[in-house]
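A.B. asks: Okay, handing you the structure first.
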Amino acid sequence: MVGELEFERPLIELRKKIAELKEFTLNTDVDLSSEISKLEARLVKLEQDIYENIKPWDRVQIARHPNRPTTLDYISYLFEDFFECHGDRRFADDEAIVGGIAKFKGLPVTVIGHQRGKDTKENIRRNFGMPHPEGYRKAIRLMHQADKFKRPIICFIDTKGAYPGKAAEERGQSEAIAHNLFEMAGLKVPVICVVIGEGGSGGALGLGVGNRIYMLENSTYSVISPEGAAAILWKDAAQAKRAAETMRITAPDLKELGIIDEIIPEIKGGAHRDVKKQAEQIEHTLLATLKELLKLSPEELVEDRYNRFRTIGEFDFINEYAGVK
Amino acid sequence: MALKDLFTKNQTKKKKYATIPTEAAKQDVPEGIMTKCPSCKKIMYTKELLKNHKVCLHCQHHFQMNAGERIESFIDEGSFEEINENMISKNPLQFPGYLEKLEKDRQKSKLNEAIVTGIGTVGGCKVVVAIMDASFRMGSMGSVVGEKITLAIEKADELSVPFIIFTASGGARMQEGAISLMQMAKTSVALKKFSNNGGLIISIMTHPTTGGVSASFASLGDYNFAEPEALIGFAGRRVIEQSIREKLPEDFQTAEFLLKHGQLDAIISRLDLAEKIANILEIHQPGGEITW
């Protein structure tokens, strides 16, 4: 199968073996059904073992899977009448971020998300889902529009990071992201963020200041990529696997650290195995969350979002201090 | 030893010692009497340099300042009162070696964390000020930096006085992972609240201001200023060169580059800083009655 991952190899081999045996029984008179059922039982157990003890690095691989559903994939399943709006009204239309208006079970909403490409050609057009400042400026323009028309906002996060490029710096990548954090804090409508793939640092956070933050089970959210962390910490990008563990970037890690609200379960093997089913899982969460948040007044929504972030951080106090003077 | 030996130089035996400055001494202003400017290579009295706010007497090069020097240079004498000075970092990710690194920097910098916050006056105007110090963990932002900034913003809100921040940071602190990333959001939502209440925010970016710090509070001033030649940017220069496969211009990501591209209100020399900021503060003072 295309896109099988390293850690799934034992499963693939076992499945192959079972298929071979089945074929063999069809073509000959030998009855192997007892062997087959034994192997099938082993397969169930092995699946359980592998997917229940999935390692952070395996999750990184799933999050980066070429067939992993993107923002537009989920939009097509989750919303009706999606109408894409383009451009930041300042400089350009950044296709690394898509956004527009739609209906969620009849309720008008604004949907925004990072957008990777599915193939090389589309990836080049979408800059591999790594936005320039105009992408963030388009996003905040659409969020202000949602605010004006009192539509809830749903953000899908899926980027390796904001694009590190010359033009991006010239046009104020830092300012664009900072501005989004600042302005999202003031939105008087519900903002729900779902990390669906990779949540890469400030580039992810630029769409991430929501009332609720959810992560798909096999998505990641981190301050720096495992490769980047390994290069800095151990001067060796090959140690990315170790960094993925040390940096605590998976959904269960972030839930434990109190950074995200809930984990949205994925189907065995990852969201790419069944987009429709995965979308149903997300729909569940969105529906429940919207029901809850729509009860809040505009002021309460702002306060709720403030408290959501205000409380993140761990610190201590000591008595000894030389003082600055 | 014969008496005559006392009067002759025994040159074969005499050892010559060369002074090798440590890395820290090369970067920082050494404690010696004289200091060499890394930019114009001219030598000057350290005392005079300090009196000149660590600005080179010959070429105006701005040496890096620590938080204590900044307070002395910028805040009205004797007016500074530090807040939340006893806050220290924990190790939320159980990151190997993190606590040891923090302790080492605590010894070296005499600071508890990479930021000093407090209340003081500038040109007689009361302000809350937050000063990052790059000598502690490269001024990187973890929970404590985020929390102290947020508490400082809230203090400014409570007192209804302006909030001034001096940034000097390599970005988010890796050892605190996503928690440090979220400090960008925390400080930004606090600034938004303060801003909505009419609070004045002044950001002064000093060398270096990069990564998550430049992509949050550093860029969120009502006025964004920078010191001359300060390095300011989102992504690291090497990362960009790798991704676009071309050499970047010499002045890339300097304060001057940012000014040219519309990202700053002004570049202000440290020699004029207190006076110019005092002017801005004065303009924002609740107005008296207009008599014309």
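Our numbering is plain: 1 for the first residue shown, then up by one each step along the chain.
The backbone N, Cα and C atoms fix where each Cβ goes, and this holds for glycine too.
TrEMBL does not curate its annotations; it predicts them automatically.
What TrEMBL shows for this protein is this:
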DOMAIN    B:33-292  domain 'CoA carboxyltransferase N-terminal'
BINDING   B:Cys37, B:Cys40, B:Cys56, B:Cys59  Zn(2+) binding site
ZN_FING   B:37-59  zinc finger
A.B. asks: Other residues near the Zn(2+) site, CB within 8 A of the CB centroid of B:Cys37, B:Cys40, B:Cys56, B:Cys59?
C.D. replies: B:Pro38, B:Ser39, B:Lys41, B:Lys42, B:Leu57, B:His58, B:Gln60, B:His61
A.B. asks: Can you tell which of the binding-site residues (B:Cys37, B:Cys40, B:Cys56, B:Cys59) has the fewest other C-beta atoms within 10 angstroms of its C-beta?
C.D. replies: B:Cys59
A.B. asks: Take the zinc finger (B:37-59) and count its residues per DSSP category (helix H/G/I, strand E/B, coil), listing them in that order.
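C.D. replies: Taking the zinc finger (B:37-59) as a whole: 6 helix, 4 strand, 13 coil.
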A.B. asks: Averaged over the whole of the domain 'CoA carboxyltransferase N-terminal' (B:33-292), what is the pLDDT?
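C.D. replies: That stretch averages a pLDDT of 95.
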